[in-house]
Amino acid sequence: MDERPTWEPEAWGSSGGWPVPQEARAGPSLSSVLNELPSAATLRYRGPGVLPWGASEEEEEDGERNIQAIAEATQKELEEPLPSRELPWPMQARRAHRQSHARDQVAQGSGSRSAQWALRLRRSKEKMKAGLSTLQPWSWTLKRIGVLKACMTLLPTWLEGTPPGPPGPDISSPCGFYNPNPQGLVTFPTHLFNLLSGEGFLEWSPLFYGFYPPRPRLAVTYLCSVFVIGLLYLLLILHRSVSGLKQTLLAESGTLTSYSHRVFTAWDFGLCGDVHVRLRQRSILYELQVELEEAVVRRQAAVRTLGQQARVWSVRILLNLLVLALLGAAFYGVYWATGATVELQEMPPVQQMPLLKLGVDYLPSIFISGVNFLLPPVFKLIAPLEGYTRSRQIVFILLRTVFLRLASLLVLLFSLWDQITCGGKAEAEKCKICGYNFKELPCWETRLGQEMYKLLLFDLLTGVAVMLLIQFPRKLLCGLCPGALGRVVGTQEFQVPDEVLGLIYAQTVVWVGSFFCPLLPLLNTAKFLLLFCLKKLTLFSTCSPASRTFRASTANFFFPMVLLLGLAISAVPVLYSIFLIPPSKLCGPFQGQSSIWAQIPESISSLPQTVQNFLFFLGTQAFAVPLLLISSILMAYTVALANSYGRLISELKRQIETEARNKVFLAQRAVALSSANGAP
């Protein structure tokens with residue numbers, strides 16, 4: 001019988017976890033062997049502060065010296081650029097780096113002074129661009145769109161002359177009079193309350209619809225800007241949704257959700273610092289737990305009896321009825337607050353007290369923000385009782401939160417339109433003369449813009465108040481009370497899905513209000529910048545990582561679809577206002593028109609006859625039918641091509657599975673043969 005090396009419990013390699021035979025103690029250590037592996041090259045991407053594999057306890061105690069040495073090596077590598085193929089970058093970035101490096105070598109080898117100056121100038125531009133990118137919290141698309149909206153409305157207003165002032169009280173009209181400028185001496189508190197409510201000096205300003213004069217060119221530009229920017233938003237969201245769908249389908253396929261992918265390829269070797277390492281470990285652990293729990297739940301659901309199925313579905317039905325009751329109560333509260341605002345504003349005590357009047361003006365915004373703040377935690381308590389997996393629980397919580405936020409906004413708009421159109425009764429006394437409720441809302445477009453302005457402003461104030469009054473005191477209480485009370489209170493978890501849904505809700509408000517408040521996108525951009533800085537501060541100082549995360553692969557498609565839903569919902573009230581409700585007779589660029597859209601045919605009639613014939617041809621069946629046929633053919637071709645690609649992908653997947661089974665079979669045969677040959 002051949003002698004085998006003996007193992008001792010105390011004989012451990014330098015890594016602290018791998019036993020080594022006695023004969024191998026004098027040979028190379030496990031640390032040196034591991035550092036010779038090709039994967040050890042990823043050490044250079046970990047950054048300074050991360051010790052090599054197999055570091056002993058003595059080396060860890062002397063960590064400062066090692067960190068300094070690694071920092072010097074890293075600085076040397078930065079001064080001497082690596083080859084493009086060794087950089088942990090995508091292929092496109094590697095190609096650009098290789099081309100830039102080649103240009104630098106050509107410039108250095110030429111020896112001419114102009115080439116040297118061109119090289120220095122290009123490097124300075126790259127450094128400046130990198131410095132500016134650090135100041136950019138997100139893509140500049142929102143800022144560009146906001147500036148585009150402002151330019152398309154403000155420039156035509158002043159190019160044709162100074163806009164006239166508001167109509168005076170002596171101007172007689174069948175639809176009453178409208179004079180938003182306050183009369184007499186206005187105190188500073190009144191100015192402050194007007195700034196918060198959008199009334200007073202702000203009501204007749206470029207911020208709102210009523211300020212813009214009735215000029216044909218301005219009216220066409222004002223209306224076209226809405227459709228152009230809406231189409232731009234639609235194309236951007238569809239592009240993002242399609243790319244996110246591709247990533248979701250790839251990530252949710254069986255080849256990438258297997259346990260082998262989580263175990264062997266989920267680690268990021270570019271992490272720096274213990275905190276990031278622990279967060280990544282926690283994320284991988286949570287993903288494995290979700291996978292295992294879903295497998296357990298599927299097995300349990302497969303063996304349930306009919307009585308158990310009935311009990312589970314009864315609990316789910318009751319909980320969903322509870323959710324519907326909570327949502328119904330919230331929507332009724334928003335509807336009541338919107339209707340009661342007009343009645344409360346007419347009461348003498350409210351008119352005499354500016355602070356109370358401001359509270360009444362903000363009553364719908366308070367109700368909407370209140371239900372959006374209180375009900376999502378209730379949804380989080382209800383979701384675990386339904387017996388779903390963790391991933392499905394998060395999806396249900398997000399869907400209910402999305403429905404709450406968007407539907408509450410729709411209820412507010414419905415109640416406002418009910419006031420404007422007298423409940424849809426055109427023959428009502430208040431709406432019979434002008435087609436809208438001119439007594440309570442002489443400039444109803446500005447009133448809608450004020451409501452969206454107050455929603456945006458109150459959302460900002462609510463976010464700042466939550467940070468100052470809830471998150472910071474909670475962090476202090478958790479730090480000052482390390483016992484049971486501190487553990488019960490805990491630090492607030494930073495939930496990325498909730499933050500994203502808040503951004504989508506704010507963007508939906510801007511989409512609804514941008515027609516009635518043209519400068520609202522610019523205000524929303526400033527609000528996003530401020531909230532971004534504040535939330536970044538609270539994230540690193542008061543919040544802890546989320547214990548339950550939303551899969552990034554699902555988020556790539558889920559959130560763009562929710563944003564697309566918000567765009568569709570916002571388009572309904574805007575298009576309804578453009579095509580069906582008569583514009584105000586005393587304010588805005590569409591005075592005297594039967595509808596806002598009527599300005600477009602009137603403007604087309606002033607164009608040359610050839611242009612008129614072409615534009616009217618675009619709206620006839622002779623153009624629409626061929627366009628529909630061509631679109632159908634292209635769609636059928638795309639579907640057929642997608643089906644062929646799908647069959648090809650399925651065949652390739654089957655081949656991969658067959659190869660995997662072959663490898664497992666060969667490995668089993670190799671183990672069996674080696675065991676047979678090694679047996680005495």
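Positions of Cβ are set from backbone N, Cα and C atoms, glycine also.
All annotation found in TrEMBL is predicted automatically rather than curated by experts.
Feature annotation from TrEMBL assigns region 'Disordered' to 1-31 (among others).
Marked as region 'Disordered' by TrEMBL: 92-115 (among others).
The feature transmembrane segment is assigned by TrEMBL to 219-238 (among others).
Residues or ranges marked as transmembrane segment in TrEMBL: 317-337 (among others).
The transmembrane segment annotation in TrEMBL covers 362-382 (among others).
What TrEMBL lists as transmembrane segment is 394-417 (among others).
Using DSSP to sort the residues of the domain 'TMC' (443-553) gives these counts of helix, strand and coil: 85 helix, 4 strand, 22 coil. According to TrEMBL, the feature domain 'TMC' maps to 443-553.
If you look up TrEMBL, you'll see 557-581 (among others) marked as transmembrane segment. If one looks beyond the transmembrane segment (557-581) by at least 6 residues along the same chain, the residues whose Cβ comes under 8 Å of a Cβ in the stretch are 223, 226, 230, 233-234, 237-238, 240-241, 244-245, 247-248, 395, 398, 402, 406, 409-410, 413, 417, 420-421, 435-436, 444-445, 448, 497, 500-501, 504-505, 507-508, 511-512, 515, 595-597.
The transmembrane segment annotation in TrEMBL covers 623-645 (among others).
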Next on the checklist: With contact taken as 3 or more Cβ pairs under 8 angstroms (pairs 6 or more apart in sequence), are the transmembrane segment (317-337) and the transmembrane segment (623-645) in contact?
Outcome noted: no
Checklist entry - What same-chain residues lie close to the transmembrane segment (623-645): Cβ under 8 Å, and 6 or more beyond its ends? => result 617
Checklist outcome for this item: For the domain 'TMC' (443-553), the averaged pLDDT of the predicted model is 82
